[in-house]
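Undergrad: The structure that follows is given in the form of structure tokens.
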């Protein structure tokens with residue numbers, strides 16, 4: 001800590017007079033004794049720049065980031081964890097329903113059945129090697145959380161309680177509804193995040209709290225760390241590391257109505273894009289069936305898992321018509337589309353007939369109080385509804401991004417060169433920021449928290465396999481990160497005609513109206529033009545705060561740049577994909593287009609060439625100067641990690 005203190009005194013001694021700054025800079029860093037830092041004048045004389053060196057740096061401190069960070073520290077790596085929020089403010093805290101694992105506490109279960117359901121739920125766009133890894137690791141991951149102290153809800157005999165959730169079955173879809181979702185009432189994400197944060201405090205990890213990651217530090221195709229802004233004092237920090245893990249979450253705030261926190265701005269996704277690397281499958285955006293009408297707040301799928309039902313204005317349990325077997329527990333894309341069709345056909349509820357109802361008041365009050373206490377409170381606050389007496393008005397709301405940074409099942413980031421996958425040295429991703437792809441075209445409920453802990457741990461294990469603590473950290477150029485500082489300075493003094501909030505709202509409303517639950521070519525084309533125009537309007541931004549101390553105006557503008565890159569790739573990918581698959585439902589291309597017609601026996605059929613079918617991953621790139629989007633494609637991985645232990649699930653017609 002003596003070295004850190006010396007740097008702090010040096011920074012304070014310089015008394016840099018930045019416009020709007022009213023106090024000296026305070027250099028804040030994690031309390032690790034292993035932290036090293038020194039002041040650099042290589043890329044800016046206007047902004048204080050501090051260089052650090054670690055074995056590994058994790059960007060993001062939600063469930064995935066924390067699990068990766070303390071996994072590395074536990075293995076002896078000198079680890080930094082950089083986050084724009086205090087860890088327990090991360091969006092993982094908002095997850096309600098639970099975490100899937102085939103524990104078999106309610107009935108016989110098998111992780112291979114979970115594997116089957118996840119592949120089917122992905123509409124056969126998920127990579128089966130990664131799905132194999134995740135579902136096989138699920139039971140041990142939940143037991144690990146229990147050992148960390150996570151207070152799971154319990155059965156009467158003391159085992160972890162498991163509820164029913166959408167798209168989950170027994171015996172490869174032939175044995176009825178599975179009860180596979182482990183939960184802590186309806187506050188599972190809150191409990192998981194606090195459990196992981198508490199566990200992380202056992203280890204010597206350096207936390208850089210309220211630091212905004214600006215860009216990756218890339219050298220010769222390798223990632224060698226990140227450059228970040230300290231929001232507290234405006235200092236710039238280059239964190240050099242042999243390995244970098246991106247765990248920054250999703251980009252739900254590209255849409256007007258969503259369940260995501262305002263901080264879900266796709267920061268990691270955008271950093272990868274600016275580094276010239278691809279993003280994968282961003283057109284697949286999950287609409288959760290039950291957001292509170294008018295507010296967008298999440299009402300967990302656990303409500304339907306506990307016996308809640310969706311009804312229309314005629315009091316009809318309409319899901320029986322769309323999914324005769326699973327009914328209200330069909331997969332999320334199926335339920336969201338069914339609700340939208342009910343509203344379109346005039347059976348919506350309310351004066352405007354523009355929503356449906358989620359009915360819970362037929363359930364015992366004691367069940368609502370013990371299994372769904374948070375929902376009872378949320379419904380009263382945001383809808384004015386007493387769930388023991390009235391139904392909750394609900395509407396599909398943007399909830400999750402299936403796409404993200406392409407990785408393999410070890411968390412290593414991939415690029416696609418000459419038709420082949422290549423690993424990007426030194427770069428990993430996990431959580432919602434990543435696309436492994438375990439969710440494919442549609443994520444099953446309660447697989448997201450599982451994704452976080454399984455692949456956060458996988459990143460740490462993968463690094464421990466290939467590196468050793470104290471390995472030499474590769475050098476970076478003296479001016480590495482210079483462009484990031486220039487961009488920050490440009491935005492800080494931006495004096496155009498458009499407020500950040502105005503441009504952000506225009507983007508969100510455009511995405512909401514042009515790339516919603518149902519999509520059509522002409523509307524998507526119009527959306528592409530509109531979002532491209534809005535991207536161009538970034539040149540006309542006006543920021544008002546010229547200071548550097550807690551400049552939230554500047555941070556929101558940096559976040560808007562990130563959101564725009566995500567929005568561009570989402571809508572261009574959606575316009576190009578001329579089929580319906582999972583969460584991507586085209587009204588002008590209503591069927592799934594595979595290499596074979598799986599509604600018929602494939603014997604005698606000729607396999608479609610790769611260019612003529614859509615069972616493939618979209619790879620998107622953006623020229624950040626012009627906003628031009630370029631698309632490429634890579635094949636889906638159908639083989640599991642061990643065919644003898646877990647057989648591939650061949651594509652089939654998907655019904656519930």
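We count from 1, first residue shown onward.
A Cβ is built for glycine as well, from the same backbone N, Cα and C atoms used for every other residue.
Note that the structure is predicted; figures quoted are calculated from it, not measured.
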Undergrad: Where Swiss-Prot shows 288, 332, 443, 446 binding oxaloacetate, which of 237, 362, 399 is named for the same site?
TA: 399
Undergrad: To which of 213, 323, 326 does Swiss-Prot also attribute binding of FAD at the site defined by 61, 64, 83, 84, 90, 92, 97, 267, 432, 448, 449?
TA: 213
Undergrad: Determine, for the oxaloacetate site, the additional residues of the same chain whose CB lies within 8 Å of the mean position of the CB atoms of 288, 332, 399, 443, 446; present them in sequence order.
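TA: For the oxaloacetate site, the extra neighbours are 166, 286, 301, 400, 444, 445, 448.
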Undergrad: Counting other CB atoms within 10 A of each CB, which of the modified residues 327, 490, 616 comes out lowest?
TA: 490
Undergrad: Rounding to the nearest whole angstrom, report the longest C-alpha distance spanning 288, 332, 399, 443, 446, listed for oxaloacetate.
TA: 13
Undergrad: Can you tell which of 399, 530 has the least company, meaning the fewest other C-beta atoms within 10 angstroms of its C-beta, among these recorded positions?
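TA: Each of the recorded positions 399, 530 was scored by Cβ atoms within 10 Å; lowest is 530.
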Undergrad: Specify the secondary structure state of residue 415 (N6-acetyllysine) as given by DSSP, simplified to three classes.
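TA: For residue 415 (N6-acetyllysine) - judged by DSSP and reduced to three states - the answer is strand.
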Undergrad: Using a 10 Å cut-off, grab the number of neighbouring Cβ atoms around the Cβ of residue 90 (FAD binding site), all chains included.
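TA: For residue 90 (FAD binding site), the count of other Cβ atoms within 10 Å is 29.
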Undergrad: By the DSSP assignment reduced to helix, strand and coil, which category contains residue 242 (N6-succinyllysine)?
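TA: DSSP assigns residue 242 (N6-succinyllysine) to strand.
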